[in-house]
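*Asks:* Pulled from TrEMBL, these are the listed features:
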type	residues	note
COILED	92-119	coiled coil
TRANSMEM	41-64	transmembrane segment
TRANSMEM	70-89	transmembrane segment
TRANSMEM	137-156	transmembrane segment
TRANSMEM	176-196	transmembrane segment
TRANSMEM	208-226	transmembrane segment
């Protein structure tokens, strides 16, 4: 790999790792892995994060065609500083003993589990032929656990800080390097979440990760500011 690809790869890897560890989708993967078969959860999450990373990078790659290279560079620099300052503000104003993300995700999944359980009880009373007719199309090809893991991860990633930063990186760095670095980071975080489960997610200091991520965004911002478009 040449230096341009390596630079995009390194930035994407470190940024995504610090953005994803302990975040919403990390907690989703950890909790789902405790309740459902790990292989299905892992596969659903990995397909989802790979898809979102590729889509984000393609959006960033297309940005210079909509804006000039200079404007894309300045916008990326602005986003790095914005996310950096925002992360530092959130980190220094956050209670280190509170894992709000994990608790919030757990409550939402608990509600979803109860709703699914009630639907299953109601469906068990219906005729078998009727159930087959009402069976969602995608469940003929994928397991319900895979679809649940995929959808929760995909919509959890959409519009979050790491996705927007990936779009910005791909607009300013080598797209291939950004894709490879982003996918590797997502795979590492997802595997750690699925294997470690809730116990790992609860031990991660959101405050520390947020502060480190904030400093990293600022470093990238300064580097981007000093680099020519």
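Glycine too: its Cβ is placed from the backbone N, Cα and C atoms.
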*Asks:* Which of 41-64, 70-89, 208-226 has the most Cβ pairs closer than 8 Å to the transmembrane segment (176-196)?
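*Replies:* When the Cβ pairs under 8 Å are tallied, 41-64 comes out ahead.
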*Asks:* Within the same chain, where does the transmembrane segment (208-226) have neighbours whose Cβ lies under 8 angstroms from its own Cβ atoms, ignoring anything closer than 6 residues to its ends? I mean 6 or more beyond.
*Replies:* 11, 14-15, 18-19, 21-22, 73, 76-77, 80-81, 83-92, 94, 96, 165, 172
*Asks:* Mean pLDDT for the coiled coil (92-119), as a whole number?
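*Replies:* Mean per-residue confidence for the coiled coil (92-119): 67 out of 100.
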